[in-house]
Amino acid sequence: MKILIFIIASFMLIGVECKEGYPMGRNGCKIPCAINDNICKVECQAKWKQSDGYCYSWGLSCYCTNLLEDAEVWDSSNNKCVG
């Protein structure tokens, strides 16, 4: 029985995914970048210590990975960008 519980728990852990998204600046807009991953990595880690970041070339904006579920990221449905 313990083995069965262990196997089920293992499958649940394998499927765990972290939140991802665009970090927002003070004005509510995405943080712009131009092919420089270091800037984005610094921005993401300044807001969320455990995160990683890179410059998403298609959108020319920083993109953060490994975020906590309650992390506030830019969302097109409730865009508050004023810049």
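Glycine too: its Cβ is placed from the backbone N, Cα and C atoms.
In Swiss-Prot this protein carries:
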{"type": "DISULFID", "residues": "Cys29-Cys81", "note": "disulfide bond"}
{"type": "DISULFID", "residues": "Cys33-Cys55", "note": "disulfide bond"}
{"type": "DISULFID", "residues": "Cys40-Cys62", "note": "disulfide bond"}
{"type": "DISULFID", "residues": "Cys44-Cys64", "note": "disulfide bond"}
{"type": "DOMAIN", "residues": "19-82", "note": "domain 'LCN-type CS-alpha/beta'"}
{"type": "SIGNAL", "residues": "1-18", "note": "signal peptide"}
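Distribution of Swiss-Prot features across the structure.
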residue : record         : Cβ within 10 Å
Cys29   : disulfide bond : 16
Cys33   : disulfide bond : 21
Cys40   : disulfide bond : 23
Cys44   : disulfide bond : 24
Cys55   : disulfide bond : 20
Cys62   : disulfide bond : 26
Cys64   : disulfide bond : 26
Cys81   : disulfide bond : 12
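Considering only the disulfide-bonded residues Cys33, Cys40, Cys44, Cys64, no residue lies within 10 A of Cys81 (disulfide bond) on a C-alpha to C-alpha basis. Cys55 (disulfide bond) sits 5 Å from Cys62 (disulfide bond), counting Cα to Cα.
For the pair formed by Cys44 (disulfide bond) and Cys29 (disulfide bond), distance between Cα atoms is given as 14 Å, rounded to the nearest Å.
Cys40 (disulfide bond) and Cys64 (disulfide bond) have their C-alpha atoms 8 Å apart, to the nearest angstrom. Rounded to a whole number, the C-alpha distance linking Cys29 (disulfide bond) with Cys64 (disulfide bond) is 14 angstrom.
For the domain 'LCN-type CS-alpha/beta' (19-82), the mean pLDDT of the prediction comes to 90. The distance from the Cα of Cys33 (disulfide bond) to the Cα of Cys62 (disulfide bond) comes to 6 Å.
Mapped onto DSSP helix, strand and coil, the domain 'LCN-type CS-alpha/beta' (19-82) counts 14 helix, 20 strand, 30 coil.
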